[in-house]
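**Q** The structure that follows is given in the form of C-alpha cells.
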Amino acid sequence: MEHFDASLSTYFKAFLGPRDTRVKGWFLLDNYIPTFVCSVIYLLIVWLGPKYMKNRQPFSCRGILQLYNLGLTLLSLYMFYELVTGVWEGKYNFFCQGTRSAGESDMKIIRVLWWYYFSKLIEFMDTFFFILRKNNHQITVLHVYHHATMLNIWWFVMNWVPCGHSYFGATLNSFIHVLMYSYYGLSSIPSMRPYLWWKKYITQGQLVQFVLTIIQTTCGVFWPCSFPLGWLFFQIGYMISLIALFTNFYIQTYNKKGASRRKDHLKGHQNGSVAAVNGHTNSFPSLENSVKPRKQRKD
C-alpha cells in the first residue's frame with residue numbers, strides 16, 4: 001500500500017506540481033487512498049443499499065435527521081462566516097487571488113476550507129438517509145455525481161490550491177447549504193411542512209451560485225495572478241456540468257410538475273370539477289358513487 005501511495009504521489013507531482021506544504025500532516029490530506037476508498041464505499045452503498053432495503057420497512061430516522069440537519073446548518077453557517085471574515089481581513093482580490101499573498105488570512109481560509117472538504121464526507125449521510133427511508137426517487141444521477149465528485153475534487157484543492165481564488169465557490173456553497181439544511185431540518189417536522197414553500201428557490205439559488213462561480217473564476221483567466229490557470233479551467237468545466245444537471249433537475253421537477261397541474265386543472269374544469277390541484281385530490285367522494293341504495297325492509 002505504501003508503494004502504491006508513493007507511486008500516486010509521484011504521478012500527482014508530475015502532473016500537478018509540488019503540493020502545498022502548509023497542509024502537510026493534516027487529517028486525510030497526506031494520502032489520497034482514504035478519500036478514494038470512502039468514495040468507492042459510498043458508491044457501493046448507493047448500489048447495494050436499495051437492494052438491501054427492498055423488502056424491508058423504511059426507517060423513520062426523524063430524530064437523528066433533525067440533529068444531522070441542525071449540525072450541518074450550523075457547520076455551514078460557521079464556514080460561511082469564517083470565509084467571509086477571512087477574505088475581508090486578507091483583502092482578497094475578487095478578480096484573482098494567489099495562494100500566498102495574504103499571510104495569516106490565507107491560513108485562516110485554509111483551516112476553514114479543510115472543514116469544507118471534510119463536510120463533503122459528512123454529506124454522504126444525505127444519501128444514506130434516503131436509502132434507509134426508502135426515498136430512492138431522490139437518489140438521482142445529479143445527487144450521486146455531486147456527492148461523489150466533491151469530496152475527491154476538494155482533496156486535490158486542499159493539497160494544491162487550499163486558499164486564494166478557491167474561496168469563492170465554497171463561500172457561496174456554504175451559504176446555500178445554510179438554507180438547504182435548514183429546509184431539510186424543518187421538513188422532517190410534519191407540522192412545518194405546509195409552510196415550506198421555498199424549496200424550488202433553493203435550487204434556483206444553487207444555479208445562481210454556479211453561474212456566479214463561473215463569472216468569478218473567468219475573471220482569474222482574463223486578469224491572471226499567481227493562481228494556477230489549469231485549476232480555473234477545471235472549475236469552469238465542473239460548474240458547467242453542474243449547471244446542466246441542475247437545470248435538467250429543475251425542469252423535470254418544477255416545470256413539468258407545473259404543466260401537469262395546469263393540465264389536470266383544465267381537465268377538471270372540463271369535467272365539471274377540479275380534481276387534482278397542487279398534488280392533492282378532492283377529499284370528498286362524488287355523491288353518485290358514495291350514496292348506496294337502501295335495501296327494502298322485509299317486514
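Please read every residue number as a count from 1 along the shown chain.
Note: Cβ is positioned from N, Cα and C throughout, glycine not excepted.
If you look up Swiss-Prot, you'll see 279-289 marked as compositional bias 'Polar residues'. Swiss-Prot lists Met1 with the feature N-acetylmethionine, giving similarity to another entry as the kind of evidence. For 274-299, the entry in Swiss-Prot reads region 'Disordered'. For 26-46, 64-84, 112-132, 139-158, 168-187, 205-225, 227-247, the entry in Swiss-Prot reads transmembrane segment.
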**Q** Around the residue listed as 'N-acetylmethionine', how many other CB atoms lie within 10 A of its CB?
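**A** Summing over all protein chains shown, the residue listed as 'N-acetylmethionine' has 7 other Cβ atoms within 10 Å.
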**Q** Would the transmembrane segment (64-84) and the transmembrane segment (168-187) count as touching if the test is at least 3 Cβ pairs under 8 Å, pairs 6 or more apart?
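**A** These two stretches do touch.
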**Q** Would the transmembrane segment (139-158) count as touching the transmembrane segment (227-247), i.e. at least 3 C-beta pairs under 8 angstroms with sequence separation of 6+?
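**A** In this chain the transmembrane segment (227-247) contacts the transmembrane segment (139-158) - 3 or more Cβ pairs sit under 8 Å.
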